[in-house]
2 protein chains.
Amino acid sequence: MSAGNAVIGQSGGPTAVINQSLVGVVEALQASIAAGEGKVNKILGAHHAVAGMVKDDYIDLTTRTQDFLDRIADTPSSALGSSRDKPDAAYCKRIFESFAKQDVHYFFYAGGNDSSDTCRIIAEMAAEQGYDLTAYHVPKTIDNDLMVNDHTPGFGSAAKFVAQAFMGDNLDNAALPGIKINIVMGRHAGFLTAASMLGRREGKNDGPHLIYVPEADFSEEKFLADVERVYTQHGRCLIAVSEGIHDSDGNPMMTKLQDEVEKDAHGNVQLSGTGALGDLLAGLIKTKLGEKLGQKLRVRADTFGYLQRSFVGCASAVDQAEARQCGREAVKHALAGEHKSGSIAMIRKPGDAYEIEYKRIEIKEVAALTQHLDPKYILDGCDIAESFRDYAGPIVGDLPVVESF
Amino acid sequence: MSAGNAVIGQSGGPTAVINQSLVGVVEALQASIAAGEGKVNKILGAHHAVAGMVKDDYIDLTTRTQDFLDRIADTPSSALGSSRDKPDAAYCKRIFESFAKQDVHYFFYAGGNDSSDTCRIIAEMAAEQGYDLTAYHVPKTIDNDLMVNDHTPGFGSAAKFVAQAFMGDNLDNAALPGIKINIVMGRHAGFLTAASMLGRREGKNDGPHLIYVPEADFSEEKFLADVERVYTQHGRCLIAVSEGIHDSDGNPMMTKLQDEVEKDAHGNVQLSGTGALGDLLAGLIKTKLGEKLGQKLRVRADTFGYLQRSFVGCASAVDQAEARQCGREAVKHALAGEHKSGSIAMIRKPGDAYEIEYKRIEIKEVAALTQHLDPKYILDGCDIAESFRDYAGPIVGDLPVVESF
């Protein structure tokens with residue numbers, strides 16, 4: 001294969017470390033150019049992902065300095081801009097036209113399961129049309145729901161935010177006792193909601209006292225019974241609820257609320273960017289338990305929202321380093337030329353010490369599929385087992401220390 | 001006056017630094033005891049503020065170690081527990097009975113304007129009943145609305161959280177353009193909402209592009225015109241809205257939403273712990289501007305909620321040091337014995353360098369009064385002037401650096 005240009009794009013919801021992956025790709029490509037390998041000429045960033053590719057809207061990254069790239073890497077959100085467009089055949093054709101015009105033969109796409117599917121479609125179309133393209137997916141999602149992977153870049157930092165948020169809100173709830181509900185992101189996977197337990201201290205009766213993930217069916221009756229039990233026992237109750245909870249028929253609790261359910265191009269229900277679910281659950285408790293638990297019952301709900309993926313200054317150092325390495329690994333495999341496409345997966349090595357192995361897999365192994373929280377972590381449908389710490393603790397890293405009487 | 005015991009309480013909403021003030025009081029009292037001044041015997045923490053005092057529910061702090069106290073000081077929320085009770089005459093009588101029983105002659109109360117009023121009532125009742133009590137209010141409120149004070153402990157850390165949240169959400173909004181509303185705390189004062197502008201970078205077109213504070217009347221018509229103008233110009237719009245916005249008749253926008261407005265013991269409307277205001281405003285934009293601005297218009301709302309006052313790991317170092325010093329100053333004046341009551345006020349010294357002077361004032365100068373954002377900072381009812389940085393910047397301290405293309 002003769003030398004060509006490379007395109008990198010960032011797709012789907014931003015995270016605190018997706019720019020680490022961007023920079024991992026760019027610096028590995030720069031290293032290849034500097035070494036005179038003759039594989040890549042120019043490094044192009046697609047402005048707003050596929051939406052930029054179809055408009056020939058690229059940012060030249062070939063000679064960006066390491067200093068500048070390091071600052072980009074440390075910045076949350078997608079520096080190139082993102083997109084939620086899902087390319088169909090006509091859309092992909094326009095992408096190829098742009099790639100041909102720009103002499104692009106390497107394509108790197110950082111994103112979650114929907115985005116990996118986009119990458120897969122483009123790679124397959126390229127093969128069908130005889131266009132010489134090497135396409136690699138770089139994993140990213142705070143939902144942590146990619147198959148094969150032990151976990152995904154972005155999850156650790158979002159989980160750190162959620163853990164620190166619950167640590168503080170637990171102390172707040174202890175100071176002014178009442179019932180407090182916090183809605184956590186994660187769509188159909190409960191990993192991020194489960195991370196709410198990471199700041200709980202032994203013997204301190206810390207919240208969250210109840211945790212509801214989408215992997216367990218949600219029942220209003222059981223929820224109310226759980227809340228009443230905890231409140232009666234402790235005089236307060238802090239609750240973590242995944243935005244994706246659903247009843248036993250699979251109907252999201254959110255659909256019971258919104259007159260007109262808004263869906264995006266991927267057919268996903270809008271779960272974030274509204275406080276509706278939290279307010280529904282708070283209203284339910286007030287209506288059904290208010291009289292029983294006392295007139296002065298304080299019931300409040302917060303929805304953490306976009307802060308979980310974009311807050312500045314709360315990234316996990318482990319997550320940052322891994323996201324960077326995923327970008328570098330994608331370039332390593334792409335330039336090696338053995339496979340025309342692939343995805344990078346993070347596999348945890350067996351043993352007590354935390355260590356990650358980066359492995360090339362087929363894109364179809366992750367595309368459009370959802371990994372779920374292992375049922376072994378879910379206790380009675382309303383709590384997360386202590387053993388979840390062994391899984392998520394090393395990814396999140398050290399949490400601040402708090403003290404109480 | 002003979003030696004007696006001291007009580008310290010923490011009242012109202014928790015902050016990231018109210019434990020600094022607690023520890024400032026305790027360590028200054030411990031120093032007096034260690035120096036053999038013969039003024040204070042025991043140091044008692046009131047469990048849940050006035051609610052604990054009427055039940056003789058105290059935590060002995062006399063011999064707590066500096067290490068332990070330092071960890072408490074670094075922990076957000078009110079370590080002693082808080083209360084929103086507003087004592088009436090009968091309630092105060094029970095407090096005196098407890099104080100007499102416990103031989104309490106020094107009372108320190110950290111809180112905002114409602115709490116300072118509680119402190120004032122207790123001090124006046126003590127004087128009327130001939131009970132020997134020295135009562136000092138220690139300022140605290142993330143709303144930053146205490147009179148006389150340049151600013152209050154708790155504001156700087158909450159403002160830092162809000163600034164970092166907007167820095168991240170601005171990058172998120174740039175990556176996936178749309179209209180995004182974030183609801184910020186502050187009740188009737190706009191300081192915290194104004195702090196959303198502190199992370200804006202020069203020449204980067206950063207949001208928030210619109211900022212609405214309670215010090216300017218809110219009109220739906222102007223709001224919609226502002227949003228349309230910004231969105232048409234920039235293709236996106238990030239908006240900071242205070243929870244306390246109201247129409248020109250003074251009606252809070254929240255009362256237009258809630259069938260039954262919940263009020264607390266102080267007659268305050270429930271503004272926090274619900275996503276209703278954000279969802280109302282998002283719905284308004286979708287309904288009124290959706291067709292005009294395009295079918296794919298993304299409108300989202302987040303309500304920052306309790307995270308602003310309790311998030312672990314985002315305190316301002318300046319705020320921490322000042323809160324600690326306020327506690328020490330209260331003890332200094334109380335033990336000096338010149339005045340039976342007072343409040344500590346932070347006054348900014350004139351000049352270019354940021355420096356704070358701590359001054360004893362009468363409690364009535366701050367009790368139950370509200371300080372408002374200076375109108376000079378409010379631009380056309382929908383933005384905050386750059387000069388607000390000179391005011392709030394030194395209190396918040398350095399913010400993380402972000403980079404973009």
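Along the chain as shown, the residues are counted starting at 1.
Every residue, even glycine, has its Cβ placed from backbone N, Cα and C.
Here TrEMBL flags A:7-333 as domain 'Phosphofructokinase'. According to TrEMBL, the diphosphate binding site annotation covers A:Gly13. Residues or ranges marked as Mg(2+) binding site in TrEMBL: A:Asn113. Per TrEMBL, site 'Important for catalytic activity and substrate specificity' is recorded for A:Asp114. Residues annotated as site 'Important for catalytic activity' in TrEMBL: A:Lys140. The substrate binding site annotation in TrEMBL covers A:Thr141, A:Ile142, A:Asp143, A:Met185, A:Gly186, A:Arg187, A:Glu243, A:Tyr306, A:Leu307, A:Gln308, A:Arg309. As annotated by TrEMBL, active site, proton acceptor applies to A:Asp143.
Spatial neighbours are here defined as Cα atoms within 10 angstroms of one another, and by that definition A:Arg309 (substrate binding site) has no neighbours among the recorded positions A:Asn113, A:Asp114, A:Lys140. In sequence order, A:Leu307, A:Arg309 are the recorded positions among A:Asp114, A:Asp143, A:Leu307, A:Arg309 whose C-beta falls under 8 Å from a C-beta of chain B.
Here the CA atom of A:Gly13 (diphosphate binding site) lies 9 Å from the CA atom of A:Lys140 (site 'Important for catalytic activity'). Among the recorded positions listed here, namely A:Gly13, A:Asn113, A:Asp114, A:Gly13 has its C-alpha nearest to that of A:Glu243 (substrate binding site). Its Cβ taken as reference, A:Leu307 (substrate binding site) is surrounded by 27 other Cβ atoms within 10 Å in the chains shown.
Across the structure, A:Asp114 (site 'Important for catalytic activity and substrate specificity') and A:Thr141 (substrate binding site) place their CA atoms 10 angstrom apart. Summary: among the binding-site residues (A:Asn113, A:Thr141), the fewest other C-beta atoms within 10 A of the C-beta are counted at A:Asn113. Reduced to three states, the DSSP call for A:Gly186 (substrate binding site) is coil.
Put simply, A:Gly13 (diphosphate binding site) is 12 Å from A:Leu307 (substrate binding site) when counted between their Cα atoms. The residue listed as 'Mg(2+) binding site' carries a helical DSSP state (H, G or I). According to DSSP, A:Lys140 (site 'Important for catalytic activity') sits in a coil region rather than a helix or strand. Largest Cα-Cα distance over the residues recorded as binding substrate, namely A:Thr141, A:Ile142, A:Asp143, A:Met185, A:Gly186, A:Arg187, A:Glu243, A:Tyr306, A:Leu307, A:Gln308, A:Arg309, equals 16 Å.
Within the same chain, residues at least six positions away from A:Asp143 (substrate binding site) with a Cβ under 8 Å of its Cβ are A:Gly112, A:Thr152, A:Phe155, A:Met185, A:Gly186, A:Arg187, A:His188, A:Ala189, A:Phe191, A:Leu192. Reduced to three states, the DSSP call for the residue listed as 'diphosphate binding site' is coil. The recorded positions listed here are A:Lys140, A:Arg309; among them, A:Lys140 has the most other Cβ atoms within 10 Å of its own Cβ.
All protein chains considered, the CB of A:Gly186 (substrate binding site) has 29 other CB atoms within 10 Å.
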